[in-house]
Amino acid sequence: VGIINGLSGWTSSVDDSPADTITRRFRYDVALVSALKDLEEDIMEGLRGSGMEDSVCTSGFSVMIKESCDGMGDVSEKHGGGPVVPEKAVRFSITIMSVSVLADDEEEAVTIFTEPKPNSELSCKPLCLMFVDESDHETLTALLGPVVAERNAMKESRLILSIGGLPRSFRFHFRGTGYDEKMVREMEGLEASGSSYVCTLCDSSRAEASENMVLHSITRCHDENLERYEIWRTNPFSESGEELRDRVKGVSAKPFMETQPTLDALHCDIGNATEFYKIFQDEIGEVYQKVNPTREERRSWRAALDKQLRKKLKLRPVMRMNGNYARRLMTQESVEVVCELVPSEERREALRELMRLYLQMKPVWRATCPAKECPDQLCRYSFNSQSFADLLSSTFKYRYN
């Protein structure tokens, strides 16, 4: 089975207008077979390396799959001529993260293959390409519906595949961790990013998040979101819209695909840099002393900050924060440059400390495996994040009231 029409498996009724979304995909099981056959040598190598003789291991193989889905921005044709398609695209892809085997007489599973570069685009195999805007919830869910159905069918069944000349039985475990925050919100039925329920992992609202910056328990999961959607749909307690919304914490559409919400390192960088950029402006204008600065004042501080960054660090102003700008802004060097515009020595010290703590924490979320790559920073992470939150909620509390 080669590339199939992405609408196959999607039953259209008589009333449906024909979907003119162009989509192509692989059947999910076929794509997994192909990916596993590509790893055949690595799997055999792993079996030999762990002393598992070929004849012993034909069953008990587990494969961990990372699923990723993201919008691909502007893919419009520059000179026309082709079919008329939306100028946005979405790609759904899979990565084989690890293969482990539990031999019949063993207690523990042995990992025989681990993807050395799990975050590289080279290890990520496209499953489905769609000409659709990622914000078009209806079309996206219609196109991914068959993919979800195939995935659910595979969760319960085994795949028997010849590896190294013997038929071997594989089970698949799917982890939807390759979604950015926007896509998680869409897949899990949460309100969009402007919602007062800011977090994809917990129930805190903006106000609560600024009060309590450290202790949050992870409460949002696929099953719970489904339950909340049912409450939203049926309103069993006959509440008003506001009360109901507060009860379901902003789950107002049907969760469609099970994800494991995470925050990827890039968006972590961007989100933090955006906040620091605003703090820098406020510190230049000494907002901690003022009541309500005017828009003109704010604009002048921003202009001063941009001018200083451009002059000293060759950082050109950007319309929207991007990864490269964020990484250059979040350095001790740029804090020193900003401090030249901050009048009070005490405030300068606080800014330096804020950045120092941030730079201590950053390697932990940039690392693929923090326990191996930066164990010291990982040990101190909890302490550092609490110090960071304390500093924000005391010295910089004007921003979070």
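Note that Cβ sites are derived from N, Cα and C of the backbone, with glycine treated the same way.
Taken from TrEMBL, the feature domain 'V(D)J recombination-activating protein 1 pre-RNase H' covers 1-59.
Summarised as a single figure, the pLDDT of the domain 'V(D)J recombination-activating protein 1 RNase H' (63-195) averages 89. The domain 'V(D)J recombination-activating protein 1 RNase H' annotation in TrEMBL covers 63-195.
Per DSSP, the domain 'V(D)J recombination-activating protein 1 ZnC2' (197-259) is made up of 27 helix, 3 strand, 33 coil. Sequence annotations record features per position, and here TrEMBL assigns domain 'V(D)J recombination-activating protein 1 ZnC2' to 197-259.
Residues annotated as domain 'V(D)J recombination-activating protein 1 ZnH2' in TrEMBL: 261-401. Across the domain 'V(D)J recombination-activating protein 1 ZnH2' (261-401), the DSSP tally of helix, strand and coil residues reads 106 helix, 0 strand, 35 coil.
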